[in-house]
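Engineer: Structure incoming, see below.
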Amino acid sequence: QIFNQHNAEAPNLEPAFHRMAQMEPNLDHDVSWFLLPSYWAKMVVALISFLCFANSYDGDFVFDDSEAIINNKDLRAETPLGDLWYHDFWGSKLSSNTSHKSYRPLTVLTFRINYLFAGGFYPVGFHVINIILHCTISVLMVDVFSILLGGLQFSNKGRRLNLAPKSSLLAALLFAVHPVHTECVAGIVGRADLLCALFFLLSFLGYCKAFKENKEGHTFSLFWVLVSVVLGAIAMLCKEQGITILGLNAVFDALVINKINLLELIQKLLYKDKSLESAGLLRKGLLFRIALLMCGGAGILYIRWRIMGTGPPAFTEVDNPASFADSLFVRAINYNYYYSLNAWLLLCPWWLCFDWSMGCIPLIKSVSDWRIIALAALWFCLIGLICQALCSEDSHKRRILTLGLGFLIIPFLPASNLFFRVGFVVAERVIYLPSIGYCILFTYGFSLLSKQAKKKKILAVAVLGILLINVMRCALRSSQWRSEEQLFRSALSVCPLNAKVHYNVGKNLADKGNQSAAIKYYREAVRLNPKYVHAMNNLGNILKERNELHEAEELLSLAVQIQPDFAAAWMNLGIVQNSLRRFEEAEQSYWTAIKHRKKYPDCYYNLGRLYADLNRHIDALNAWRNATVLKPEHSLAWNNMIILLDNTGNLAQAEAVGREALELIPNDHSLMFSLANVLGKSQKYKESEALFLKAIKANPNAASYHGNLAVLYHRWGNLDLAKKHYEVSLKLDPMAPGTKENYNLLRRKLEQLQKKGG
């Protein structure tokens, strides 16, 4: 459907419009840069953006990827697709009080498709999609910057004028190679930002497509305006920032389509001037389109709020300390300092970190703090740009500066703490979209310098140098995102005061078995943040394994004192108390853990071990049964049930439990071994032999498997096979308990048989 609105004051509209287009300044006249056909420009941008991040294609799952992908049940086929619409980004129910409230079902859907096609958790496919998305977005930026820098004007034949090919190429290259984008591209969780940006840009281009110039006058297509709203909704279903495109479309409409002078409009509104139509407010259906955008945005937000169910997520002080400050002054001054840090990351993206929380940026608590200078510098620049955007007599300058500031600020608003508390201090991923505004301002600044410079080639070489440095920085940063070890260690020099950085380095070392080095980093994490309960828990676990039980108990007791509902710390405290033979306290700790986490199979397993040590066999069996009900693949719980029933002479019950376990976990060799022992004692030698051999095939280097099979053959009378497996067992473990004695008995029996035979 097309709406036509004729301007009564300009009956000869086409020639008038055409003359206006010719008078519009062309930014490319002042830019000393390469002029390429559109196709080649897009090819160059695609190639360079690919080169920046290509080395991340075979990286691991790192940092948040574990929770959002590996541990997210929404990716697996057994989870109904419909559940994605009621779960958050991490797979938790949105209605839960513990939900992060990040509603990004379309992003999770792409992860699920990745998982389906890869046949499992293989990171290559996930990384390749991210790289392709960034290349696609960078190519789209050529068209977007062409409109933002060159305007949206048409000839009398309907062709766009003033494409600004040089300026748009430069701006697109700046965007493509910006190192701050590395987290979004090299980190798989950054898919949310990439998909959001893709539909964000498509929404903008769709909105631009709504406007044409023909011989009948100014027109707009209602269809494309509605398509733009739908694409904005899709962008928001990928990440929350996507909704801001509707506001930017309205700004673009007012400034570029209607050519409104904001300062003039503000003055007319302040003085209640009734001639608003002359300011362009009512021309070309602007109010109607803004009403559509507002209604669309309000509808999307309402649906989002209804799905979310409860209030905003509950973040902790370590996530965003400024938001918990009692003083409004402290909150305001620190929020503004965070804005200046984001601006600095756009200007000089050299110091990059995967996490900026937990003391990385200490709070500013007084005006004597030297960091106040950063705030002053930020607002000095912003106020200067805003004044130029409002007051400049050059309409072209006003338009570009206002659009640049709009694209810089509006997409950043959801992360600004102005409307609601966010769960981070600084996050590089959230400035993926605002970097569009930075690229506009940089390119316009370059054009102004080029206009004044006598040696324009030197200026062009300097910009080429910046691009080259950024390409190298992207490649270096991408390589750091390839593994957790490199990523975490790279943060030590950027955020040495960040307890989470030390914690993650320690955890990575502990996972690799380097406990001594891990202890050092865990201790530093606790020193930097004395309330860091997760670091205390992990450090306590390592100390427990090293039999340093008293210090482990102190740490775990402190952790549960700081966070009384920390179920894992309660369970680990119970394990330590059990090792210290303080059984009543251990039992109480286990039950406290279960109280705070009702579905806790590992805790039921450890409780069962406690009861077994106390010879409370019925209680032990019940606890292990609870563990297997909550987690049917809990092999240790099944094994302990079989062994306890076997040791107490309940062979029939042990056999039944063993068969039930193997039906659920058919390839578990330890279960085969335990059931084989029971069957051997029940004189079911053939079936027992088959299970022993199957277990040995799965784990040929287990000395006990060969030793117990040898005992079976010994009982069965297959003495040669018994001798063979005794020898294999002793070769694998010369100190295997009982095996040497049984082997010596067998040898004496064989010698006696030989003598009788002789």
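Just so it is clear, glycine is given a Cβ too, placed from its N, Cα and C backbone atoms.
Automatic prediction, not curation, is the source of TrEMBL annotations.
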Engineer: Have a look at 403-424, 557-578 and point to the one annotated transmembrane segment in TrEMBL.
Structural biologist: 403-424
Engineer: Looking at 243-266, 339-362, which one is transmembrane segment according to TrEMBL?
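Structural biologist: Comparing 243-266, 339-362 with TrEMBL, transmembrane segment matches 243-266.
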Engineer: Near the transmembrane segment (458-476), which same-chain residues lie under 8 Å Cβ to Cβ, leaving out any that are not at least 6 residues past its ends?
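Structural biologist: Distant Cβ neighbours of the transmembrane segment (458-476) are 32-33, 48, 51-53, 55, 170, 173-174, 177-179, 181-182, 349-350, 446, 449-450.
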Engineer: Go through 131-151, 243-266, 286-305 and flag the stretch with the largest number of C-beta pairs under 8 Å relative to the transmembrane segment (188-208).
Structural biologist: 131-151
Engineer: Can we call the transmembrane segment (243-266) and the transmembrane segment (33-54) in contact, meaning three or more C-beta pairs below 8 angstroms at a sequence separation of 6+?
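Structural biologist: These two segments do not touch.
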Engineer: By a Cβ-Cβ criterion of under 8 Å, what residues six or more beyond either terminus of the transmembrane segment (220-237) are in contact with it?
Structural biologist: 1-3, 103-106, 195-200, 202-204, 206-207, 209-212, 243, 245-246, 249, 284-285, 289, 292-293, 296-297, 300, 304
Engineer: I need to check the long-range neighbours of the transmembrane segment (403-424): which residues 6 or more away from its ends have a CB within less than 8 Å of a CB in the stretch?
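Structural biologist: Here the qualifying positions are 100, 148, 200, 240-241, 243-245, 247-248, 251-252, 255-256, 312-313, 315, 319-320, 322-323, 331, 335, 338-339, 342, 356-357, 382, 385-386, 389, 430-431, 433-434, 436-438, 440-441, 444.
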